[in-house]
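Per TrEMBL, the features are:
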TRANSMEM  53-74  transmembrane segment
TRANSMEM  94-116  transmembrane segment
TRANSMEM  128-147  transmembrane segment
TRANSMEM  153-170  transmembrane segment
TRANSMEM  191-214  transmembrane segment
TRANSMEM  245-262  transmembrane segment
TRANSMEM  308-332  transmembrane segment
TRANSMEM  338-357  transmembrane segment
TRANSMEM  399-423  transmembrane segment
TRANSMEM  435-455  transmembrane segment
């Protein structure tokens, strides 16, 4: 089914929402109706079919199993009256609560200010954060050398030199990355639902983590008691024997697997929802159809229905890798000899594979969000994209990623300084030693860092989505936003080719 033809919009257009350029006249292109539609562009489907239903059903069955184990575990803790028996020495008075709330709010508003600054001055900020990242490698190398960790010092020094060489060769890519960052932030400011989704995801992740932690403790105690284990001491060595320990291991492995799979599904739901919003802007903003009044809700609906199976499928792969890593790491720590060495080697190998799969999935989920593809089809098309534009994607992600990560770290430090100053001035009742002060300073840093990550994750999804859409269907941008297309074409001529 082919899409309707949309001529270029008349009048002035600025890629940065809320601004105009009265002196600009969109460039003209010679094309006839029907010739502008690329093969990829015709795949845009506003009513996609349900994909990978088996994965969605499997996830729901697995989650039902977790709920059953959670009920058993929490009931065990309540029966033993362990939930209400807290031995903490920290009393959260009003001053403490005010400190934590103020740190989170401060981190959020500082992140918004930082994003506005990044939109206004994207190119200088990309350069500054790039060279700060390089400087960090050399500082870490010097610290390791000071503590006589010479191998690590040499490695970080080599990484710093290689990164410096890369920075020199990436200079001509900075203007394109600056346009991408400027445009994506302007879209996020207009469709702030992408940032709201980040907070929803954060709340769900925190709630899920607490629920899981309580559940696994209770489930372990329940099934361990059923195993009828006895500990005997002989010649100063303790030995534990159990009649049936297998159910305990099965429950623990399942609970670890459930934690990783559900966490990944929550994270991916937010990413796919945000990507859908940016894709809607890319393809429909400036057309007769338009983006609609609630693009975030529409995108969330697709992510939770037709694309949910694909989300569960991709998340399952990451969950399996992480679960196997935990098992291998446990074997490596508890087994001696050849078995422990082999387990450690394979755990290290999976630790290297996991970030590569996550990076690959990030772009595969964009394909899912844009076109409503199955996970396998999205993975296949993502592989084609990476083979053709993989280097550009890595460079672009690296340049913009430096801005986002450095911003989160900088705001985290400011929140930590705020927390330290507040403690010295307000002097809450729980402060009785320097260790407690350090603990709350670290908490303030993490609060500021997480608040910034909520915002930067939305930007990160937008960068990936715009890159994929631009690589696969540049004609859509040329039809609806000719000035932005021309700016990008001047800085990255390869864009007009498409894949």
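Backbone N, Cα and C atoms are what each Cβ position is placed from, and that goes for glycine too.
Caution: TrEMBL annotation is automatic and unverified by curators.
The shown structure was predicted, so the numbers you read here are calculated from the model rather than taken from an experiment.
Under the criterion of 3 or more C-beta pairs below 8 Å, with sequence separation of 6 or more, the transmembrane segment (128-147) and the transmembrane segment (308-332) do not qualify as touching, having fewer than 3 such pairs. Between the transmembrane segment (308-332) and the transmembrane segment (435-455) there are fewer than 3 Cβ pairs closer than 8 Å, counting only residues 6 or more apart in sequence, so the two stretches are not in contact. The transmembrane segment (435-455) makes no contact with the transmembrane segment (53-74): fewer than 3 of their CB pairs lie within 8 A, with pairs spaced 6 or more apart in sequence. With a cut-off of 8 Å on Cβ pairs spaced 6 or more residues apart, the transmembrane segment (94-116) and the transmembrane segment (399-423) reach 3 or more such pairs and are scored as touching. The stretch from 153-170, 191-214, 245-262, 338-357, 399-423 with the most CB pairs below 8 A to the transmembrane segment (53-74) is 245-262. Nonlocal intrachain contacts for the transmembrane segment (338-357), taken as residues 6+ away from its ends with a CB within less than 8 angstroms of a stretch CB, comprise 317-318, 321-322, 324-325, 328-329, 331-332.
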